[in-house]
Structures are given as structure tokens and as C-alpha cells.
């Protein structure tokens, strides 16, 4: 056998892995006592649990309040409430969640992230549901449990685990750090209570606003296909599905968008909920700006259209663009190619003749990732706008819900009269480490790897222990890189207990799945639920998949796709029969709703809530201004004059933006203001939620930093005199005293914008 050699990157990563493991084990030994660190969040009764060790935010025990509900009366329609709130969290000193790329930390803000809540209730108030679309990569179990606890403390039994869905849009440009399972905490470089609290507060605020705004209204539904925004990023895996099944569909991606139009009884617009299958990865893994990617841009455009005269994130109309079965769907429609040669990649392995898998990348339709995001997002928005305008089929019928917690590591699946199979403890395969054509890993591991590597296997066994024969056999043909389901220090590395949930609104069934279904998985999943409803009398149901809901469990491929072990299959953590298990579980929910036997269903084993988590590995240090300068001072002024289409760039003496996430009243890092002669004052025209602005933080040494604000002047900008303001918070630390966070601001010199 030839001697094994490693690239410089691989050798460095091996060294880094060993060092990190030694440090982690030492820290865990010192910091954690695993006994007595698990709490269960119940959905009835009052209780209070410590959020985390070293929490930066403390709260008093909740006091159950009697909410002021609308005075319900009979009418044809539903009570409808919509709400939106900021849930951005940290925009610095934290990993961006999604690509898993080392060093892809947040360094600023392209646009704020929002939680959008939609409450739909029967006219008599007997039943209701809350669907919350959150601009995050995924929903963590910890987020959901905390939100449910706070909802119970404020609203009693009105909003519960069965009628509240939290669904993430899956942007790969949002902050990490809000998880409780060890694998995700390590990927986040620790737990950020600052970000966790910010997100929870944003979700809660959006629900509070929707609850307060409940009013009589009507719901209309529409569907249509979206063209020129998707490709299947694992087409060779898709082809492994039966030809007879593939022949039923015209494409290897789901092109259908489903739209709900929400209006009051006078026909005035209230909001929109849209579900569509696409990965928000138009912003690639070189990005360091927090943003909501293509689906967030679609929501931004729709809300700006409906909320004329309001700044982004403000105004009464709320547009939620939610995720669906996006597992193998990419927006990078120019497809994969070898970036060093321009050649086509190998289709099965996504690798290149020269440079290997790290050179095989897909690209979007724009000149850069920003333009690609705009192009894809605008097409999605335009289709949603068209479907919204023409929606005429009214949704009628009761609001119903069913939910269970399930141990996904031990589900017996009856395939047919003679064959029963089981799910597995979680494990990730080798191809998980390869990444995808949307974001390659840099390691010399290819997609479609069906055999392990002796070196990596030995290194894993020495550091983490050897996978059991049981998990190896159960996960076949997956070669196990990480047997996460057998790792429990300091806490389990991936979840065992997950949520399965269906909420129906009339003839619409929303199936909240805790993961990423591939295209064909989603088709089988929807079809099975629809048939189950029909079997028990609820015919002609429309089933929509709400992806990445309630807890994250990676991917869900078909059994056939699993055999190829590309990225999505290697990331199907509960083994080859994961999809069959979910179909069986959701059929049970559909049957219970259709037969009015939900009350007879077991709630299932409650998920844990871990109290003591690994704190952020990035320390808090005091901010400093250069000698002779103050925070907010201008270092690089604006030019006296700009034309429409040019970019204004102003640099200020800055401070770490994560300080602002601790301030509950902080609303923006910047404003672009125009002087109005008619009122002799400055008027805000843009803020940091505007896609025309960018806020970038340059981290220096010893607490020094700069903040650069960019304004890309749009064609719609009015000529006149403008200025840019910067709002920040600096951390001040005096000897033997607790740190304090102080607000400051900076103002640029005025400049003129001209049209010619």
C-alpha cells in the first residue's frame, strides 16, 4: 500500500483537531458536572429554569397573566393576527451558521433578521394556531422550549407545543450560538446567551404583536410554479429513485410555490405566507455580513411594496417566505464547474481533475453573490406577488392540531406485511465533511464516499471512541465519520427526541418537519399525508411542508438516495429508513386529526433542556479608541458629492457591535438621512435593515476597531443633501469593577447626491 500523504491544509487540520480535543476535554472536566444538568420543559404548569451557566441576562420568575383576547363572534372567516420583530442577535465575534466553515465569523450587517408571526383562529375562538417564520439557519430545540415556556407564562394554555410552529428560512448568513447539543455548540464556537436571548425576545415580540392585532378576516390560497431559480445539487442521487416515480414529475426540483393571502373583512391586506423549496445560499461561504439571503430579500421587497413610506422592518403588512423541502435544491443555477479551469465537475463525486473537490463550486446568475441574491430573491418575490394578487380560492374550515415528541433513534417502521425496520442513533457519514457544491469544505473528501478512511477512522477512535457495531450496521451503507448518537460529553451531541407536528387550517395541512427533506422525499411525504387524510374522510387536503421546524435533525433523503451517500445522505442522521419513519409518524398525526382522536395520542418523551453549556470561546474585552480620538469620530469622511449608482463610504472609530445586542433599545447601527428644507430637519431614508446599506466592522488589536458604513445609492434616491449616522455601544472595563456598556454615535459630514 502506498504511503499516505497529506496536504498542508489537512496536516494543519489534523494538528488543530488534536489540540482542540485535548483543550475541550480539559475544559469539560473542569467546568461540567453532568448530573443534575437536565430539565424538562413542560407545556402546562408554572416553572422556571436557569438558562445557562454565566448567563448575561437574568429574568424574574414568570407570572401568569390573563391576556386580553378579542371579543369573538360568529362570522365567515378567521381571526387573523400578524407581527414582525427583530431577531438579529450578534453581528460580530460569532460564527455564521450553515456552511460550517472555520473562520466564517460575522463582521457586520447587510440586513437585519426578522421573526414573522401569523396567528389564525376560529371565529368562535375555540382553536387557533401560530406559525412563525424566523430568519435563521434553523430552529434549535432550546429556542423552541424557551419560547413555549414564555408563551405559557404569559398566555396560559392558549399557545402550546401542538399549535405553535417555529420554522426557519435556512439562511446561511445568520448568527450561530443558540443551540444546546454539543455538535452544534462546537460548530458555533460556544453558546452565546446574548444571541439566544435576543432571538427568543424577537420571536416572542412578533407573537405578541400578532396576538394584539387579531382581527376578523379571510384567507385565500394560490399555487404556481417559479422558473429559473433552482437546480438539484445532487442530480445523480435523484436518478436513483425509481424511473416510474420520476416519470410522474417534470423536474428534479419542486417548482411549486404555495401562497396564503391574509386580508381583513374589508379586503384590506394584512399579510402573506409563502412556502417554497430553495436553499438560501446565494450568499456564499466567503460572506461575513449577517443577512437573510434570497428568501429574506423576497420578503423585504414584498413588505416594502405593501408598506410604502415605512422603513424596512416597519409597517403593518407582514410577508413570510418560509422554507419547504429544500434539501437538494440550490439557487446557484449556473451549476457546478471547476473554478480553476472552467471545466465541468464529475457529476457523481463533485470533484475536479485538477484540485479535487475543493475546486467544484456552483455559482448564481449574478456577477457576485450580492447580485445573485437580488436576482433570485426578486424572481421569488415577483411570483409571490402574482399569486397573491390572483388568489381567489377561500380557505374555510376549523383550525386543528396534533403534536408528539418522538425518540427518533428507536422508531420501528412497518414497510410491508413481512418487513419491519428501525431507525438508528445519529451518525454523520464521510460525505458530510465534503460539503456541497454550494459550499465546499476544503478537505480532500469527496461526496459519494461509501468507504471509510483508515487514518481518519483511527484518529476518531483514539479521540472519541470507536462506533459500536450496532450503529455501524444500522447506518449502512454509510461509512461513519462521527458517531454523534453515542457521544454524550458534556451533553448529547445530537438530539434523540424530536417534534412531529401537523396543523390544519380548513383544507390546508401544514406539516412541520424538523429537518431538510430532499425533493423526492418531500413528494413522498406530502403524498402519504394527503392519502391518510383522505382515507379517514378529509378529502382534497393541500399538504405543505414547513421545513426546518422546531428542532434541527439535518437531512432526510429517500432510501434510494441514501445508497449513494452524497452530502444529503451522509447527513441523514437517523439512517436509511428516516423518511419511512417520518411518513409513518405523520400519517398517525393525520389520522388522529381526521378521526378526532388527538386527545388519545401520547405526548411522547419530553426533550431535555440543558442548563450548563459551553460558553463562547471568544472573550469579551474592553473597547478602546485611538489616542486623541473618541468613539464615533470620523476617520474617513464622505466626499462632497456623489451620483446615483455610486457608493458612499464613511469610516468611524468603532466598538464591538456585539455590545449592542445586549441593549434592548438598540434599533440600528446606521441611518442615511436627507435634509428636508420644508421641515428644516434631517429625515431618515434608510437604516441597517435596508439592502442598500452595509455595515462592516474591522477588528483591530487591544480593543481598537473601525466601523465602515456603505450606502449604495439606488436609482430611486432623491437628489439633495445627505448625511450618515453611526450608532454603537462600547464596553468599558475599570479595574475591579463590572463592565458597563455605553452608547455613542457618530455623524458624517453632509454630502450631496445628484442624478446626472
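From the backbone N, Cα and C atoms, a Cβ is placed for every residue, glycine too.
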## Note on the structure
In Swiss-Prot, the entry for N-linked glycosylation site among 232, 284, 444 points to 444
### Task
From 193, 600, name the one Swiss-Prot lists as N-linked glycosylation site.
193
### Task
Check Swiss-Prot: it lists 170, 279, 555 as binding Zn(2+). Then name which of 135, 516, 606 it lists for that same site.
516
### Query
Of the candidates 110, 113, which does Swiss-Prot annotate as part of the Ca(2+) site that also includes 688, 690, 693?
110
### Message
For the annotation region 'Required for correct folding and localization' in Swiss-Prot, which listed range does it cover: 735-745, 746-756?
### Response
746-756
### Task
May I ask you to name which of 407, 706 Swiss-Prot has annotated as N-linked glycosylation site?
407
### Task
Select from 12-32, 33-53 the stretch of residues annotated by Swiss-Prot as transmembrane segment.
12-32
### Query
Which Cβ among the binding-site residues (516, 688) has the fewest C-beta neighbours inside 10 Å?
688
### Task
May I have the list of same-chain residues other than 170, 279, 516, 555 whose Cβ is within 8 Å of the Cβ centroid of the recorded Zn(2+) site, in sequence order?
323, 326, 327, 329, 515, 547, 548
### Task
Enumerate same-chain residues with a sequence separation of six or more from residue 170 (Zn(2+) binding site) and a Cβ-Cβ distance below 8 A; give 'none' if the list is empty.
98, 137, 138, 279, 280, 295, 323, 326, 516, 547, 548
### Task
Let me know the most crowded of the glycosylation sites, choosing from 193, 407, 444 and counting other Cβ atoms within 10 Å.
193
## Note on the structure
Mapped onto three states, the DSSP assignment of residue 110 (Ca(2+) binding site) reads coil
#### Entry: Cβ neighbours of residue 693 (Ca(2+) binding site) where a neighbour is any other Cβ within 10 Å
24
### Summary
Whole-number Å distance separating the Cα atoms of residue 688 (Ca(2+) binding site) and residue 193 (N-linked glycosylation site) is 23
### Task
For residue 555 (Zn(2+) binding site) and residue 330 (active site, nucleophile), determine the Cα separation and express it in whole Å.
14
### Task
Enumerate same-chain residues with a sequence separation of six or more from residue 330 (active site, nucleophile) and a Cβ-Cβ distance below 8 A; give 'none' if the list is empty.
230, 231, 232, 233, 278, 279, 281, 362, 436, 437, 438
### Query
Looking only at the topological domain 'Cytoplasmic' (1-11), what is the mean pLDDT?
44
